[in-house]
Amino acid sequence: PQMFIFHNVTITVPENFTQCTTHGSFVQHWQETLYNMFTFACLFLLPLIIMIFCYTRILVEISSRMARNNLLSRDVHLRRSHNNIPKARMRTLKMSIVIVTSFIVCWTPYYLLGLWYWLFPEKMEETVSHSLTHMLFIFGLFNACLDPITYGLFTVRLHQGLKRCCRTANTQTDLENNTCLVHMTRFSSQRHYASGAHETHKEMIDDTCTNNCSRPIIPVSKM
């Protein structure tokens, strides 16, 4: 309906200003009230009912599977293999409550203010400032940012992810330490080998000097 109801309206007093609005699109006030109630039902009531219905169906399905598994699995081993189903039901229940609650908390103040404006516009304009209306609308839009965070907190296993990251960091640190230790060991062995070679070379020179010094020196005149 917005494609046919909204249009550009330009005013020149107190200054030149153009805005896309519904002003002048309705002949009578009840038409505007009917349109506002239609948007309230489609943007607030209908999504809320769909969310509650879908998450209730999910919880009912998980509960029925739990009951079916408890009846069929009498063995202890089978019961242990289905221990993840109660955890999934509890996680889904918490996620459903958080999502529905965040939707209600974010959008209810704005639509309550809208109902007040749609039914009693003059009283609402005298009591509530336009800045508060814009703030409540932005607060309602903030719900779209909370949904991915909520899904991530309840579906991604953060504890295992953190443990894995810490384990990876510790492994890299150990590898770096081992690499440094290997390099230091190689360097020390090379120094030891070099010093040993130097000592061997020195001993060879000393032996040579000793052998040469032990020989009798023949005078030049006798030669």
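The backbone N, Cα and C atoms fix where each Cβ goes, and this holds for glycine too.
As annotated by TrEMBL, domain 'G-protein coupled receptors family 1 profile' applies to 1-151.
What TrEMBL records for 37-60 (among others) is transmembrane segment. Panel annotation: around the transmembrane segment (37-60), residues 1, 89, 92-93, 95-96, 99-100, 103-104, 107, 111, 114-115, 118 of the same chain, lying at least six beyond its termini, place a Cβ under 8 Å from a Cβ of the stretch.
Look at TrEMBL and you will find 97-120 (among others) tagged as transmembrane segment.
Annotation comment: TrEMBL describes 132-154 (among others) as transmembrane segment. Sequence-remote contacts of a segment are chain residues at least 6 beyond its ends whose Cβ falls under 8 Å from one of its Cβ atoms, and for the transmembrane segment (132-154) they are 91, 94-95, 98-99, 102-103, 106-107, 109-110, 113.
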Other parts of the chain folded back onto the transmembrane segment (97-120), taken as Cβ under 8 Å at six or more residues beyond its ends: 32-33, 36-37, 40, 44, 47-48, 51-52, 55, 128, 132-133, 136-137, 139-140, 142-143, 146-147, 150, 154
Confidence summary for the domain 'G-protein coupled receptors family 1 profile' (1-151), mean pLDDT rounded: 84
